[in-house]
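Reading through the structure tokens given below for one structure.
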Amino acid sequence: MGIWHKGHGTNRKNDFLKGVFPGWAQIYSEKRLGGSFSTDSLVEVLLSTLVLTVALSIPFIFGFLWLLKTFARQLVFSCLPFFILVPAFLDVFWFVACLLSSECQESFSRTGQISLFIFIAILCGIFAWIIYSNRDHIELTIRMMQASAQALFSNWMLLIVLPGLSLVFFVYLGPFVVLLIYGYMNGEIVGTPGTYCQGESATDCCTWSVGKWVPLYYIVTIFTVLWSILLMTQVQVYIISSTIAQWYFAMSKTKVTGRIWCSFKNVFGPSFGTVTFSGLIVSFVSMIRALLDSTSVDDQQGFFATMLQRFVRFTLVSIEFLNRFTISFAAITGESYCHSARLSYELLKRNLLSPVLLEVISTQLLTGMAFILTVVYAIVVLIILKAGMSLGSVAYYVTALAWFLLFVMFLLFCQVLNNTIDTLYICYAIDKDSGNFPTMEVLDIYTMLPVSRDQSRALVAQQV
């Protein structure tokens with residue numbers, strides 16, 4: 001047997017770290033030598049952590065998808081208490097910390113502290129009551145999330161195709177940026193009227209004046225870029241809806257690549273006008289919302305101006321919601337935009353707007369679960385950075401950036417899963433209207449869907 005030297009083991013450890021994470025290896029070596037950390041070392045460890053986070057996000061997302069497919073109920077009910085316990089804990093922690101702090105006692109009266117503590121506690125109680133009163137909708141949401149996870153798991157290539165489509169789109173936006181810069185460079189230096197400058201101060205009297213055509217060109221180009229961005233969003237929703245609908249109605253008769261390729265041919269073929277018009281509508285909605293955000297309502301404008309602004313915002317949200325279901329309908333049925341919009345409105349009316357509640361609950365649940373899982377990852381990263389390296393307070397910044405990056409990746413995945421939920425809801429509603437019950441699992445979900453007044457009257461008439 002050979003003799004294993006301590007220095008040899010250290011060299012092997014450093015070689016491994018240098019091969020995988022060079023920044024971590026350099027900081028580890030500097031720590032052992034008692035040296036100070038350089039800026040390059042901190043940048044390298046930051047980049048290494050972010051690259052590792054991006055690499056781990058892929059198995060994390062697929063693992064989260066598998067958990068939703070297999071243990072959706074357990075996962076949701078294990079995360080639901082945190083929606084109440086976390087704000088309640090922060091409320092108690094803040095109240096106790098304020099009692100122990102002399103500065104807080106001086107700046108915040110005891111009556112105000114108790115009032116704020118009671119107010120937050122009441123909000124936690126109201127939120128608990130909302131969860132309990134909507135337990136039926138939560139049960140429906142869990143079933144829909146589990147079915148959507150199964151659908152997305154069976155069409156897993158969507159999670160690869162959609163990011164690739166986004167990269168192609170960013171390449172498409174490159175020439176627009178170049179043209180905007182080129183348009184700004186078409187101008188000349190002019191002097192400011194009514195001023196006289198000499199020497200070094202002459203530059204203060206000169207400004208860059210662009211050509212007369214540049215402002216109009218900027219408006220047209222920026223609107224085109226905005227339209228293109230929202231068009232690509234509608235294309236992705238169409239591809240998701242079309243692929244999931246083919247999987248639902250065909251039940252694995254075609255391969256996943258064939259379903260996605262068929263969706264691409266439809267969205268860039270017969271249905272391209274539909275998604276283009278949808279992107280145009282969302283573009284106008286976004287511009288109106290940006291105009292409302294830039295125009296603040298003053299107290300002098302009165303109650304009417306405030307209510308008008310709230311009504312316009314509610315109308316914009318309703319248009320966006322109806323537009324998303326319209327694109328899903330168009331992807332499923334192949335109908336035109338106007339006809340799909342009418343079908344979407346009838347669906348929402350027949351089902352008592354339950355897709356709205358389903359959308360809100362599923363979004364909140366998925367966002368909450370993603371937040372909890374990413375926080376657990378951030379805690380692990382912080383423990384590793386604190387235990388293996390003397391980064392000091394920098395470790396918190398590195399951990400925060402790693403958490404934010406992973407949380408954004410999970411939010412993008414949750415958006416795809418939400419679109420899948422909307423598509424399956426439409427598929428279930430279509431089968432419910434036609435009386436088709438393909439499987440017992442689908443029948444169980446049918447029985448949980450709400451019944452409109454017209455349908456309930458028809459059922460009562462049949463029973464009588």
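All residue numbers here begin at 1 and follow the chain in the order shown.
Backbone N, Cα and C atoms are what each Cβ position is placed from, and that goes for glycine too.
As given in TrEMBL:
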type	residues	note
TRANSMEM	45-68	transmembrane segment
TRANSMEM	75-102	transmembrane segment
TRANSMEM	114-132	transmembrane segment
TRANSMEM	153-185	transmembrane segment
TRANSMEM	217-250	transmembrane segment
TRANSMEM	271-292	transmembrane segment
TRANSMEM	365-385	transmembrane segment
TRANSMEM	394-413	transmembrane segment
Top Cβ-contact partner of the transmembrane segment (217-250) among 45-68, 75-102, 153-185, 271-292, 365-385 (pairs under 8 Å): 153-185
Contact check, the transmembrane segment (45-68) vs the transmembrane segment (271-292), 3+ Cβ pairs under 8 Å, seq sep 6+: no
Beyond the flanks of the transmembrane segment (153-185) by 6 or more, those residues with Cβ under 8 Å of it: 61-62, 65-66, 69, 210, 214, 217-218, 221-222, 224-225, 228-229, 232, 235-236, 239-240, 243-244, 247, 252, 256-257, 259-260, 413, 416
Tertiary contacts of the transmembrane segment (271-292) (same chain, 6+ residues out, Cβ under 8 Å): 223, 226-228, 230-235, 238, 309, 312-313, 316, 319-320, 323, 326-327, 330-331, 334, 336-337, 340
